[in-house]
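> After the structure tokens below, expect a handful of questions from me.
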Amino acid sequence: MEKKFILALDQGTTSSRAIVFDHNGQIKSVAQKEFTQYFPQPGWVEHNPNEIWSSQASVIAEAISAIDINGLDIAGIGITNQRETTIVWDIDTEEPIYNAIVWQDRRTAEYCDKLKAQGLTDKIHEKTGLIVDAYFSGTKIKWILDNVPGARKRAEMGKLRFGNVDAWLVWRLTRGEVHVTDVTNASRTMLFNIHDLKWDEDLLKLLDIPLSMMPEVKSSSEIYGHTKTTIFAHEVPISGIAGDQQAALFGQMCIEPGAIKNTYGTGCFVMLNTGRKPVMSKNNLLTTIAWKIGDRVDYALEGSIYVGGSVVQWLRDGLGFITSSSEIEDLASTVPDSGGVYFVPALTGLAAPYWDQYSRGTIVGITRGTTRAHIARAALDGIAFQTYDIAQAMAKDMEAPLTELKVDGGASRNNLLMQYQSNLLGIKVVRPKITETTALGAAYLAGLAVGFWKDIDEIKNQWQVERSFEPLADSEEIAAAKAGWADAIGRTLTNR
Ligand code: G3P
């Protein structure tokens, strides 16, 4: 029987999703479930790994039963996930030994400062392409081993396993048969050498993490194993894995060097394909693996923004400016501009290109005439300015101007924001028909491995533009706005 579908699992920071795609890359069914966020102390963010799994399992069941299919109809499963989030489990009990420490969690910031003070920044950057920061998995694993009673002993006995969410889902889907990750997720651990594609023994030693805990690192498109859970009724190959931003880059078909995308989600993640060569940033961007397909590895430069769309949630929940996030565009459109107000949304510090763990949100330029509409507008502008800062750094690293930006994620539906983004960058901003690019990318990776799609060319022909935004703006006004933003950033940074 011909298998007609690919299932993508998109395990994100706030919800688990399952999406069924057909051969034309069209969505046939979607299910989504939010799960609990734990904030045990200021700056700490945790998830319950069992809830990650149960929410993912329940959306799989919902998505496939909605169109009355089972494992027999599914050619392959692609997994894409919130990256860096760290889970450690015991192979005897099959239970996590601690909650998942989420990528946003800052508990290891001071330890990272110590690594920097020891002069290790350059060495770590050369090997991993990363900036020393609490964002990445390595120091989170170390924290678990140092703080959970008995953990280090169990780890030394070879009884513990580490995984990012991809590895955890594969482990659960295969009932503990397979412990793997892919190169993209590995490249976010601060323990993986992105040049020789191996766990780095020096770094494992530095952080005191036994190699036996680490998953086997595979490509992003191959059969890793088959499902053993009852959800599908029949075994299904798991055939694609990529971190969510890398999957979005692939789903946007940014497959040529120089192609660039921004995903406007909770945070924003700008990624530029640099082809077969890792470009080591001189401007505080991350060098990361875009994907590995067959023997070919592609690299990317990444600029991560911690607070993107979540600033809109804060205006909604923290200030009560709006009752639903979609109202922001109407509110901000009631004024022609921000009236000289600048909002740097450093609510959890600033990531690229500033990497200031201790800065906090700043609003400057408030006058008697300032209204909530100006603040709303400044909040949207702040998302676009942060993206602009990263695009500047990318152009410097590449020694070439950028040509167009592909966009996806929830806030990419905001036309006001997209137009301002284009005005600031001075280039075309392109929004695709299917903005579920993260899941689509994972589906494509999975489909390629099982021959569901013949090759990348076949996929490329499916990709369609929904709307493009051309830069329209007075250049003096834009120059003044950029100067105002630079001044506001200067007032926000603590590490200058
Ligand atoms: O690096 C973190 C990123 O992968 C999280 O993405 O979409 O779950 O917020 P998201």
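Even glycines carry a Cβ here, placed using N, Cα and C.
Caution: TrEMBL annotation is automatic and unverified by curators.
The ADP binding site annotation in TrEMBL covers Thr13, Arg17, Thr266, Gly309, Gly410, Asn414. As annotated by TrEMBL, ATP binding site applies to Thr13, Thr14, Ser15, Thr266, Gly309, Gln313, Gly410. Taken from TrEMBL, the feature sn-glycerol 3-phosphate binding site covers Thr13, Arg83, Glu84, Tyr135, Asp244. Annotation source TrEMBL lists glycerol binding site at Arg83, Glu84, Tyr135, Asp244, Gln245. If you look up TrEMBL, you'll see 6-251 marked as domain 'Carbohydrate kinase FGGY N-terminal'. Per TrEMBL, domain 'Carbohydrate kinase FGGY C-terminal' is recorded for 262-449.
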> Hey, of the binding-site residues listed (Arg17, Arg83), which one tops the CB count within 10 A?
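Compared across Arg17, Arg83, the most Cβ atoms within 10 Å surround Arg83.
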> Tell me the Cα distance separating Arg83 (sn-glycerol 3-phosphate binding site) from Thr13 (ADP binding site), rounded to the nearest angstrom.
9
> Within 10 Å of Thr266 (ADP binding site) by C-alpha distance: pick out those among the binding-site residues Thr14, Gln245, Gln313, and say none if nothing qualifies.
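Close binding-site residues: Thr14, Gln313.
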> If you measure from the CA of Asp244 (sn-glycerol 3-phosphate binding site) out to 10 Å, which binding-site residues from the list Ser15, Arg17, Gly309, Gln313 are inside that radius?
none
> Can you see whether DSSP assigns Ser15 (ATP binding site) to helix, strand or coil?
strand
> For a quick check of understanding: given the listed ATP-binding residues Thr13, Thr14, Ser15, Thr266, Gly309, Gln313, Gly410, what is the maximum Cα-Cα distance in angstrom, as an integer?
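Farthest Cα pair among residues binding ATP: 15 Å.
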> Non-local Cβ contacts of Gln313 (ATP binding site) (under 8 Å, 6 or more apart, same chain)?
Ser325
> Sequence gap of 6 or more, C-beta under 8 Å: which same-chain residues meet both conditions with respect to Gln245 (glycerol binding site)?
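When sequence neighbours closer than 6 are ignored, Gln245 (glycerol binding site) has Arg83, Thr263, Phe269, Met271, Glu302, Thr438 within Cβ distance under 8 Å.
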> If we check Cα distances from Gly309 (ADP binding site), which of the binding-site residues Thr14, Ser15, Glu84 wins as closest?
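Ranked by Cα distance from Gly309 (ADP binding site), first place goes to Thr14.
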> Using a Cβ cut-off of under 6 Å to any atom of ligand 1, determine which of the binding-site residues Arg17, Tyr135, Asp244 qualify.
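If the test is a Cβ under 6 Å from any atom of ligand 1, the answer is Asp244.
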> On a count of neighbouring CB atoms within 10 A, which of the binding-site residues Gly309, Gly410 is highest?
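Of Gly309, Gly410, the one with the most crowded Cβ is Gly309.
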> Excluding near sequence neighbours, so keeping only residues 6 or more apart in the same chain, what lies with its CB under 8 A of Tyr135 (sn-glycerol 3-phosphate binding site)?
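Result: Glu84, Trp103, Ser304, Ala351.
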> Please report the three-state DSSP label of Asp244 (sn-glycerol 3-phosphate binding site).
helix
